[in-house]
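Q: Found this in Swiss-Prot, in case it helps:
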- 1-9: topological domain 'Extracellular' (TOPO_DOM)
- 10-30: transmembrane segment (TRANSMEM)
- 31-46: topological domain 'Cytoplasmic' (TOPO_DOM)
- 47-67: transmembrane segment (TRANSMEM)
- 68-81: topological domain 'Extracellular' (TOPO_DOM)
- 82-102: transmembrane segment (TRANSMEM)
- 103-131: topological domain 'Cytoplasmic' (TOPO_DOM)
- 132-152: transmembrane segment (TRANSMEM)
- 153-172: topological domain 'Extracellular' (TOPO_DOM)
- Asn164: N-linked glycosylation site (CARBOHYD)
- Asn165: N-linked glycosylation site (CARBOHYD)
- 173-193: transmembrane segment (TRANSMEM)
- 194-230: topological domain 'Cytoplasmic' (TOPO_DOM)
- 231-251: transmembrane segment (TRANSMEM)
- 252-262: topological domain 'Extracellular' (TOPO_DOM)
- 263-283: transmembrane segment (TRANSMEM)
- 284-299: topological domain 'Cytoplasmic' (TOPO_DOM)
Amino acid sequence: MLRLFYFSAIIASVILNFVGIIMNLFITVVNCKTWVKSHRISSSDRILFSLGITRFLMLGLFLVNTIYFVSSNXERSVYLSAFFVLCFMFLDSSSLWFVTLLNILYCVKITNFQHSVFLLLKRNISPKIPRLLLACVLISAFTTCLYITLSQASPFPELVTTRNNTSFNINEGILSLVVSLVLSSSLQFIINVTSASLLIHSLRRHIQKMQKNATGFWNPQTEAHVGAMKLMVYFLILYIPYSVATLVQYLPFYAGMDMGTKSICLIFATLYSPGHSVLIIITHPKLKTTAKKILCFKK
């Protein structure tokens, strides 16, 4: 039964990966076409372009790894498996930092706080986006190198077999590996939660101001608040189980876990990127309009 459930999870992950690849290819092509036509690109579209390329490569690598894992009859090469893990970890970390940067940009541009820090960020964040994107890549490279260093210093735990189940002896090296992975993702989580909280607070202030002035509170600024807030909240809903599942998959003793746990981790790890990419298309006016035109043309 568990074997069938695991096989179903693999099929579901392959389908979701195909969806994610198509969605991110669409995001990349639309933004690239706009960039070539107008010879300029907005800060948010520049981030989306980088995010689309990164996720396209990441999901493609994940799909190749899944197909190779299922179709391979012989034992997998340790070096090839390590290559897949490290490339995926780097691309995954880069894409998460790109999303974090996108949420920061939305928060700074849409909120109407008059604090000097926010006013300074409003003026300076857009010209700094290329450098911030490079910083995201460098942070991801550093995180991946840190993972390599700690995993080399952390030997695989020895299996301790009992009559009922199999347990693992977790040593201090593995605990340091877990701590490094948690710390690398906790900063992203804190920034994203803070951005969403500031957006919600700004939206509440905006609605109160509109009500006090006896005017309709649903205007373009309110719509921008709500759209960005929805994207951030849905991102967090997808991101939290995804980060837990991915953390478990990176641990050395993941290979010894039962198929039920592996299946759940696989589904949560695969659902995030395609789901968030679809949300980006739905909430982005230009991408949404282009997608509607393509669907209407096909009909």
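Any Cβ shown, glycine's included, is placed from N, Cα and C.
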Q: What residues elsewhere in the chain lie close to the topological domain 'Cytoplasmic' (284-299), defined as a C-beta under 8 angstroms and at least 6 residues from its ends?
A: 26-27, 30, 34, 45, 48
Q: Going by DSSP, how much of the topological domain 'Cytoplasmic' (31-46) is helix, how much is strand and how much is coil, in residues?
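A: Looking at the topological domain 'Cytoplasmic' (31-46) with DSSP, the answer is 12 helix, 0 strand, 4 coil.
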Q: Counting CB pairs under 8 Å, which listed stretch among 10-30, 82-102, 231-251 touches the transmembrane segment (47-67) the most?
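A: That would be 10-30.
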Q: By a Cβ-Cβ criterion of under 8 Å, what residues six or more beyond either terminus of the topological domain 'Cytoplasmic' (103-131) are in contact with it?
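A: Distant Cβ neighbours of the topological domain 'Cytoplasmic' (103-131) are 43-44, 46-47, 191-192, 195-196, 198-199, 202, 205-206, 221, 224-225, 228, 231-232, 235.
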Q: Reported in the order helix, strand, coil, what are the DSSP residue counts of the topological domain 'Cytoplasmic' (103-131)?
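A: Summed by class, the stretch gives 20 helix, 0 strand, 9 coil.
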Q: Report the DSSP secondary-structure composition of the topological domain 'Cytoplasmic' (284-299) as helix, strand and coil residue counts.
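A: So the counts come to 14 helix, 0 strand, 2 coil.
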